[in-house]
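Structure first, then comments.
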């Protein structure tokens, strides 16, 4: 169970957050906010999955809620890089 928690609930959202942050930092114009929005959409998908699949197994519900929180907190970094002005 600890490997599941470490990999699925922490490592995967951190890697996705880093990739979205790099994409937000390198993009231009209004598309700079799109990676942050994508992370929020992923958190909403994990929340919906937690509520629908969590009826049969409580561990799936708890894992989905942790994943929702991790994605939601991690979406702040792409928004930060997307809304920050580029320095020349």
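Placement of Cβ uses the backbone N, Cα and C atoms for every residue, glycine included.
Here the structure is a predicted model, which means the values were calculated and not measured.
Residues or ranges marked as transmembrane segment by Swiss-Prot on the basis of sequence analysis: 3-23 (among others). Non-local neighbours of the transmembrane segment (3-23) in the same chain are 34-36, 38-39, 42, 63, 66-67, 70-71, 74-75, 77-78, 80-81; each lies 6+ residues outside the stretch with a CB under 8 Å from one of its CB atoms.
Away from its own ends, the transmembrane segment (33-53) comes close to residues 16-17, 20-21, 23-24, 27, 60-61, 63-65, 67-69, 71-72, 74-76, 78-79, 82-83 of its chain (Cβ-Cβ under 8 Å, at least six residues beyond either end). Under the heading transmembrane segment, Swiss-Prot lists 33-53 (among others), citing sequence analysis as support.
According to Swiss-Prot, the feature transmembrane segment maps to 61-81 (among others), an assignment based on sequence analysis.
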